[in-house]
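Chemist: Below you'll find the structure I mean.
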Amino acid sequence: MVKKDEEMSVSSETKGPLKSFQALMGEGEKFSRDKLYTKAIQCYTEALDLLPPDEDKATEKDITDRLNGLVARSACYLKIGKNDLSLQDAEQSLKTNKEFTKGLYQKAEALYAMGEFELALMFYHRGKKVRPDLREFQLGINKAQEAIDNSVGDPNRVKLEASGDLSIFYKNDEKKKQPMGYVRASQKKDTTVQRKQHAPVANPKTTKQILGDLYEDRAFLEKIINNTVVTKANTKTGDAIYQLASEGLDYLDSRTEFWRQQEPLYARSRFIKKLEGDEESYKHIRHELEAIDDQQNKDQFLDARRRGQRLLDFCDRLDERKFAEKQSVLADVYSRLGNAYLELGDYNKSLEYHNRDLKIAETKLFSERSSRALDNLGRVYARSGQFPQAIQVWEKKIPLATSSLEKAWLFHEIGQCHFGLGDYERSKRYGERSFTEAVAVNDTVWQLNAKVLVAHSQTKLRQYREAEQTFVEALALAKDQNDVAAERAIERAMKEAQDQIAKGAADTPPDRTEINYEIKVRSNDNILYGDDDRSTIRLTIYGDNGSSGAIDFRTDENDPKKYDGQSITFKKKALDAGKMTKITLSCTDIESWPLDSIEVTDSKRKAKHRFILAAPIDATTTVVDLYLEGSIVSSDGTTKDEKKSKMLGTLVSRQSPQTTKRTEPVPPSNRTNDGNKNSKTTKPDEKKSKTTKSDEQKTPKKETTTDKKPTPATSTVNEPSSNSNKRYTITVQTGSVASAGTDANVFLSLYGDKNKIIRYQLQKSKNNSDPFERGHKDEFEFDNIDIGQLKTITIEHDGSSITSGWYLDFIDVTYNNNTVNFPIDRWLAIDEGDKRISLELEPNTKPTSKIAPEDTNAENATEYEITVKTADKRSAGTDANVYISLFGDKDKLERRQLKEAIDRKLNLFESGATDRFQVFAVDFGKLKRIRIEHDGRGIGSGWYIDSIEVRYVARNETYKFPVDRWLDSGEGDKKISLDLEPDKKPGQLKDENNTDQEEGNTEQKRDTTDE
């Protein structure tokens, strides 16, 4: 993984952002929009603390900032029910300016929430007097007056029926005795009722949702008003009936408008709508979403994840014909689950749910939600060190960014990612763009961060004089913010730039040697040039040493003939870019070029990498990036592989700092008489039930947490009755090559002639607090059953860290005063060698590569046809790499990848699909068993296999292997490798925590029912 320069950014996730009023206010606003009110209050409080405490010394801008900060914090206090604190902040804002409109409104809102309706009404009126144009004050007056009226006592609701003869009212009125005597005109009272027109309902459906049962009353009153007989004009009874009906309509219309404003989720939210017949569902969803927000606001991410899964299961069962906004509700749940998994350190799950959110947002054309999902996806990729993916996702977000502050942050983060990939020119440009946006909003924090990024990029580009000047400007910003740590970091970096200037290194070529690169271009057709004279194509390779410099796409530097775009191999000499991270093509006057990929071989490191286009090349293209295979993000937010359009390189996880320590004891080992040697575990917060993936949603998972590393669920069976336990001492020597250590969970299995110990976790080293570090020798001791004479061992890790690759020198196992040595001297890594993270070892025998070569051209090659049927059920398919091993009575074929089907289809192992493969290998005789496995790559790598058939074509012999189970690190016994015998269905080991988990599931199901 390419690591960021530790001093490159003054603001980082580990150090926290530098304190600036505008930056903290911006963070607070974001937290407030996300309903993380406690965090928003913290930001607003820190922002207010930065302002001068003495108002006499404060500038006019400081006073305005203080008022806005107090009002914003008051609104957040109100959201979490701390009405008294909300009132205090509102009153504090009014001390400086008694006619501060936001302060008046916030004080009225606080008083209303406290039940002081009369006082709230007074401040609503006061605010309306100052700003009569603001509708909020009029709506506040309406709701306060309504609350005062209702507090006297609820009137009896008498439902009138529009039936019967109502003419008796006006007939009786006409029969009344007229006054006797003469009445002068001046003595006559004008009793004429002014009649106004009542506008019809603009949106009957929405109004009906808001009013509920009262909608029928409104329809009745509207019918009365339109009845000219009942409301006959210029008659006492008619006018009275009209006036009463008119007042009723006005009241219901004002109530409608009030509810529309006060409860937007009830009335018009596109996220959740209250529909007929779904009142209980609506209430439950709203309650659960608010509860999840509250739990995340309190950093209770495990509880939020569990509650989100329950809500997701509930929403899945909704009938979309009755609940039209089901997809929008699901998107909200996906977003919350993605955030919870991110904070828990499970990047795969976080990506999965944020991608689901993005898919719905794009389908429904919700630009704000698309921006939210892209923002979250970029954070996940960046936090896990996947810089190419983060760049691609965040660049899609740029057109959706609405504020300069958001753009300042976005450009800075994209620049950081380019810096991490060695593209310092691009990181410099993005830093400059970030600075421009930060200046637009007068945010000095992001101005400082942008300047630091630009200066570091200039240093890497050997532009030391420009870097010195940029550091001077950054230092001035740091001093203005009184950030001592930033000042020291900048001064150190500036001194290094000055030293380079003194040495005469400014603007000189990089002091790196040139090496040979072999560049293999694969194109689907010729290039269409726009201008033969001016058209050029140049390639630049980037790595951890920087760039190689531009490489011209001509067969020879002196050859004016242009490259035609066909597939070809170049051999070029260029600067050593180090370990390659990406390549860039610079094109001028190119109309189109259907480029497929470019493969670059580094002669110094003997490393070969294939790069895929991030965007097509057309007439608008000037610069295009090509990223390593498996790093291209498709339109749905997932990464693409050459074989599958939705394949994602494995993202690994760390436990979150918020994860609490494990309280229950962990058994030291597993004792078993049967089971597979290559089972794989998962992280504790991914535990699932033992049958189907849908159970993940139906049944909340039992939580386990860890200390330093996740302690996985391990497989157990009935323990044999043996009192003769033995002591085992395991010595593990990690290699001394670069990045040899691992932070993944490591497991060891011991196989003897009497018994076996399956997947004992090597967790607490006797001599090192942090085991499996580069060059370390770690010792582990434990007591367990007597396995007899040790025959073989299996060493494996679960890939659960960002740098999980592990170079292992050897393992010694000591028992019964006897030491057995297992030499290894190789990588256990998904991106090295044969990509294995599990090894079966024999004493004193060094393992060899397990990737089976293609034996198509061998003289003794035998043809086999392998048919793999994936079960037809939800999420049964996989995007992982699948391998098969065949073991016969004569020979064996180990770990042949099933990557090209006979029918040449691209998407293999999909749900309900049957895939057939042709394999050529040695004749291994009668087939005894097979091993099917996958490498766990990709989101949703779990695979439910129905069956496998192996046909010996020459002899027309067919061996059938029923499977009917998951190969998933999060299902059942957590295995992703399975040994099978013909016509025998495999057993499935139970998780040792299944009993506890089932009990927990029962309780959680009961909780769901109660809710």
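Backbone N, Cα and C atoms are what each Cβ position is placed from, and that goes for glycine too.
Keep in mind that TrEMBL annotations are predicted by a computer and have not been checked by a curator.
According to TrEMBL, the feature compositional bias 'Polar residues' maps to 669-681, 717-727. Per TrEMBL, the feature compositional bias 'Basic and acidic residues' maps to 682-710, 969-993, 1002-1011. What TrEMBL lists as domain 'PLAT' is 515-631, 726-842, 862-981. Annotated region 'Disordered' per TrEMBL: 634-727, 969-1011, in sequence order. Marked as repeat 'TPR' by TrEMBL: 21-54, 331-364, 371-404.
Describe each of these features in terms of where it is and what it packs against.
Modeler: According to DSSP, the secondary structure content of the domain 'PLAT' (862-981) in residues is 0 helix, 64 strand, 56 coil.
The list of residues near the repeat 'TPR' (21-54) in space but at least 6 beyond its ends in sequence, with Cβ under 8 angstroms from a Cβ of it, reads 62, 65-66, 68-70, 72-73, 75-77, 79-80, 290, 293, 296-298, 405, 441-446.
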Chemist: For the domain 'PLAT' (515-631), what does DSSP give as the number of helix, strand and coil residues?
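Modeler: Computed counts for the domain 'PLAT' (515-631) are 0 helix, 67 strand, 50 coil.
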Chemist: Count up the helix, strand and coil residues in the repeat 'TPR' (371-404) according to DSSP, in that order.
Modeler: 28 helix, 0 strand, 6 coil
Chemist: Taking only the residues in the domain 'PLAT' (862-981), give me the average pLDDT of this model.
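Modeler: Mean pLDDT for the domain 'PLAT' (862-981): 85.
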Chemist: Report the DSSP secondary-structure composition of the repeat 'TPR' (21-54) as helix, strand and coil residue counts.
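Modeler: Residue counts for the repeat 'TPR' (21-54) by secondary structure: 26 helix, 0 strand, 8 coil.
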Chemist: Counting by DSSP secondary structure, give me helix, strand and coil numbers for the domain 'PLAT' (726-842).
Modeler: 0 helix, 63 strand, 54 coil
